[in-house]
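J.: Below are the structure tokens for one structure; questions will follow.
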Amino acid sequence: MAVAPIEWADGRLRLLDQTRLPGEVRYVEPATAEAVWEAIRALRVRGAPAIGIAAAFGLYLGVRGSEARTREAFLADVRRVAEYLATARPTAVNLSWALRRVQRRVEVLEAPVDTLKAEVLAGALELLEEDRRTCRDIGRRGAPLLAGARAVLTHCNAGGLATAQYGTALAPIYHLHEQGHTLRVYVDETRPLLQGARLTAWELLQAGIPVTLITDSMAAVVLRQRRVDAVIVGADRVASNGDTANKIGTYGLAVLAREHGVPLYVALPTSTFDFSLPDGDRIPIEERSPDEVTHLAGVRTAPEGVDVFNPAFDVTPAHLITAFITEVGVIHPPFGPALAQLRKDLGR
Ligand code: MRU
């Protein structure tokens, strides 16, 4: 993918403003932790891995001007800014995971404040680089599962725009495309904010991959007519038993996939596993403004005063998931023991 969603150059953070796609490719340059918080909350940068990386740079922007003179005072600043940034969005665990990782990296050092500041930046840059590699590995690991497929269905955007580059759910599709096997991708438009139509369709077309855009309510017909061989999505937080939070509509799609005997793959970095939660019941689900449902592109489409329910994510029960595709391998059911083993392997 030619366009990078997150860049760091000459001491400046550049975020591709995804609220303007596909009409306009425009970057914003948040210069403070507050501006990064706003960019995450407003979905200028979005997608679980991408918001973690952006927040890590936000942490640096928030502490680089710190006037703390002692290591302890500086670490208190780091903690305060990290806690603040973690409140930007609640569901994707990658946000707090990334912040905690940078925080821990600094906390273990006995060094002067300037060195600690540089270390915060180094932590953010490392996340950016590492996510690129992670997504490539997800692509490589997931490709064999789709090797016999002609077409797949995806929901929301779990592509390059949602990560440092390359994506998670789209990574096996990009990988196969690079090997000369091009799949058609059916893309749910993904109401209410149209990440599928605006972002996934855009980035796949840029990569030369054929796209068929559908409204969310057409997925059942697509599955029944066997137009796709698999459904592949990303994730925002996965509990220890495999219950998976992802963009609202994923659960419905999972039920439909099961009804029609089509496999559902969830592609994710291992940082999206939240081993502190036994199951999906306790995953915090973000509720967003009613305006997102009552308006389309700024135009009111529902009567004034109507009540609205607008959860941004839902939880797909583990038993509807065929397999998880991670950077360290494919995880098959039963997920409980497999994820317990993964936790051990990761030392978490
Ligand atoms: O609200 P968004 O656009 O941030 O939601 C994004 C998703 O639900 C993605 O599927 C998920 O974050 C995985 S991104 C690799």
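Backbone N, Cα and C define each Cβ position, glycine as well.
Just so you know, TrEMBL annotations are computer predictions that nobody has curated.
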J.: Pick the one from Gln179, Gln195, Gln206 that TrEMBL also lists for the substrate site with Arg46, Gly47, Ala48, Arg89, Asn246, Lys247.
T.: Gln195
J.: Since the record lists Arg46, Arg89 as binding-site residues, which of them has the fewest other Cβ atoms within 10 Å of its Cβ?
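T.: The binding-site residues Arg46, Arg89 were compared, and Arg89 has the fewest Cβ atoms within 10 Å.
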J.: Return the count of C-beta atoms lying within 10 angstroms of the C-beta of Asp236 (active site, proton donor), excluding that atom itself.
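T.: The answer is 32.
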J.: Pop the Cα-Cα gap between Cys156 (site 'Transition state stabilizer') and Gly47 (substrate binding site) into the table, whole Å please.
T.: 9
J.: Return one of helix, strand or coil for Ala48 (substrate binding site), based on DSSP.
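T.: Reduced to three states, the DSSP call for Ala48 (substrate binding site) is helix.
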J.: So which other residues, same chain and not among Arg46, Gly47, Ala48, Arg89, Gln195, Asn246, Lys247, have a Cβ within 8 Å of the centroid of the Cβ atoms at the substrate site?
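T.: Other same-chain residues near the substrate site: Ile51, Ala92, Cys156, Asn157, Ala158, Ala162, Gly234, Asp236, Ala312, Phe313.
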J.: Could you measure between Asp236 (active site, proton donor) and Asn246 (substrate binding site) for me? Cα positions, answer in whole angstrom.
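T.: Pair distance, Cα basis, whole Å: 5 Å.
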